[in-house]
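K.L.:
Pulled these features from TrEMBL for this protein:
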type: COMPBIAS; residues: 484-496; note: compositional bias 'Polar residues'
type: COMPBIAS; residues: 513-524; note: compositional bias 'Acidic residues'
type: REGION; residues: 476-534; note: region 'Disordered'
type: TRANSMEM; residues: 40-58; note: transmembrane segment
type: TRANSMEM; residues: 65-83; note: transmembrane segment
type: TRANSMEM; residues: 152-170; note: transmembrane segment
type: TRANSMEM; residues: 182-203; note: transmembrane segment
type: TRANSMEM; residues: 250-273; note: transmembrane segment
type: TRANSMEM; residues: 285-307; note: transmembrane segment
type: TRANSMEM; residues: 371-392; note: transmembrane segment
type: TRANSMEM; residues: 404-424; note: transmembrane segment
type: TRANSMEM; residues: 430-450; note: transmembrane segment
Amino acid sequence: MGSLSSDKAALTDDLRQSAAVQDEDEDSAFLRNAGGKLTLFPLVALIFYEVSGGPFGIEVAVKEAGPLLSIVGFLVFPILWSVPEALLSAELSTAMPENSGYVVWTTLAFGEFWGFQEGWWKWLSGVIDNSLYAILFLDYLMNAVPLFRAGVIRWVAACILCGLMTYLNYRGLTIVGRTAMGLLVFSLCPFAVMAIMAVPKIAPRRWLHIPKKIGWAGYLNSLMWNLNYFDSASTLAGEVEKPKKIFPKALFLAVILVVVTYVVPLMAGTGSIPYRRESWSDGSFATIAGIVGGQWLKIWIIVAAALSNIGLFEAEMSSDSFQLLGMAERGMLPKAFARRSQHNTPTLAIGCSATGIVLLSWLNFEEIVELLNFLYCISMLVEFATFVQLRIKHPHLDRPFRVPLNTVGVILMLVIPTIIVLVLMSLASWMTMVVSGVGCLLGVVLCLFIKQAKKRGYCEFAVNPELPDLEEEASPHLLPVDSPTPQNGGVISSDKSSVKAEGGVPHSGNESAETENPETENPEGDTTPFLSSR
């Protein structure tokens, strides 16, 4: 009997340990890795690849508007568009350093419905944008291997490439950041060599050429596509070491790097050979490098272009997938999207982004650019309104970095970017408008479906208790950004009736506590408990 009792006791202990492990696995959805955070230069490299990746793709601007307007455009457009976008992103990213980025900004300003729509437009635009990079990779590669020019082989190659790059993203954000730094150096070196070797061949009068017929739509879309997405880095704010200090510096350095990266090769390329409109297309810089420096330099740029597109893909996918993770941490998407792999990456979110990329990889370059720009423009109008609304609605919001303008000054700063957005949208084709309209309608339907899924319990939703309650307007609702990250994450149960915390939430040093605020009523009538701000 004694033996039987001990066996039962041992079995009971095993079952309890198994249950504890299962609970631990459930809580891993919100587990944050205290180590492996992004530092300054990896973040600069990721922002660079979010926005640019090098002068690959700016050839369309030269084709549509000639050398002079292209050079002027890539000098002036950053001042009119990129700098305001970067300033906006720096202020709000340091105020709310969460992985949902612009989603949580819009939610605080206009409510969850508009926050979800903003997230949907940005994610859809990002996935469409990311489908370009396999295409650009093959556009450069076909200069050396004509087999990839068209047909089924081209599409299969794009899918295989997408799969390989998705796996690299799955392996971890710090790996992606270090990879981006290495790719940045390797991809820009051949353009520096080309610029130096082109100096004796440059005829300044060639820079002044303006074609008789200007393709304004293609020209403006090229400028927008090559100089936007500075705000995309906001969805990585939760993965950055000391974001209050690092984010503004990283954005400032990235703006300078992007402008220099475009203007120097552009002046070298357009100044060293006579302008022929038909000769400018994707991959033209490889041809120019062959003329200026020989076959070895041409091959170097082809390889650099291929590797640069890997960096672009990785940065965009990181932003898109961590955005979905951030939305899930806010309870706006099912809890499954917040689960992290052993490499601390959002597995399901990466899979969804990769699927969308494969489905869109059959479109051509111009169709993709116009479509993603239109959706991006819609989201930017909301983002501009969000920036102004937060200045008015939450003037005392803790802003570690603040644009040195009052509310009127901020509105004036955003006038020209708003005009640019409206002009660009007016130049879009009817097909682009229709497809974008369908995409927006789908976002509304998806939001309503998720709302019903929450009510009816179709799938599990939860709010990360480490995040602040956005409704607590009377007190500072932002967590200390530079405080130590908890080793053990907590999770609110799906019925929102209780909070579980493994080991508590550390406050500072060796202190730790498990504290709950009183439950607060939400507009739906149910209650949501939150852990107190640290």
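Cβ coordinates come from backbone N, Cα and C, glycine included.
Annotations in TrEMBL come from automatic prediction, not curation.
Not measured: the values here are computed from a predicted model.
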K.L.:
Cβ under 8 Å to the transmembrane segment (404-424), counting only same-chain residues 6 or more beyond its ends: which ones?
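P.N.:
Long-range Cβ neighbours of the transmembrane segment (404-424): 80-81, 84-85, 87-88, 220-221, 224, 373-374, 377, 380-381, 384, 387-388, 391-392.
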K.L.:
Below 8 angstroms Cβ to Cβ, which residues of this chain, lying six or more residues outside the transmembrane segment (285-307), approach it?
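P.N.:
Non-local partners: 54-56, 59, 136-137, 140-141, 143-144, 183, 186-191, 193-194, 197-198, 201, 265, 268-269, 272-273, 279.
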K.L.:
Can you name the far-off residues of the same chain, 6+ from the ends of the transmembrane segment (371-392), with a Cβ under 8 Å from a Cβ of it?
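P.N.:
Beyond its ends, the transmembrane segment (371-392) has Cβ neighbours at 85, 88, 91-92, 102, 105-106, 108-110, 114, 117-118, 121-122, 124-126, 128-129, 132, 221, 224-225, 228-229, 231, 363, 407, 410-411, 414, 417-418, 421, 424-425, 428, 432-433, 435-436, 439-440.
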K.L.:
Let me spell it out: take the transmembrane segment (65-83), skip the flanking residues so only those 6+ beyond its ends count, and list any with a Cβ under 8 Å from a Cβ in it.
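P.N.:
Contacts with the transmembrane segment (65-83): 51, 58, 206-211, 214-216, 219, 223-224, 226-228, 230, 255, 258-259, 262-263, 266-267, 270-271, 275, 277, 416-417, 420.
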K.L.:
For the transmembrane segment (430-450), what are the same-chain contacts with Cβ under 8 Å, counting residues 6+ beyond its ends?
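P.N.:
Residues packing against the transmembrane segment (430-450) from afar: 113, 116-117, 120-121, 124, 332-334, 370-371, 374-375, 378.
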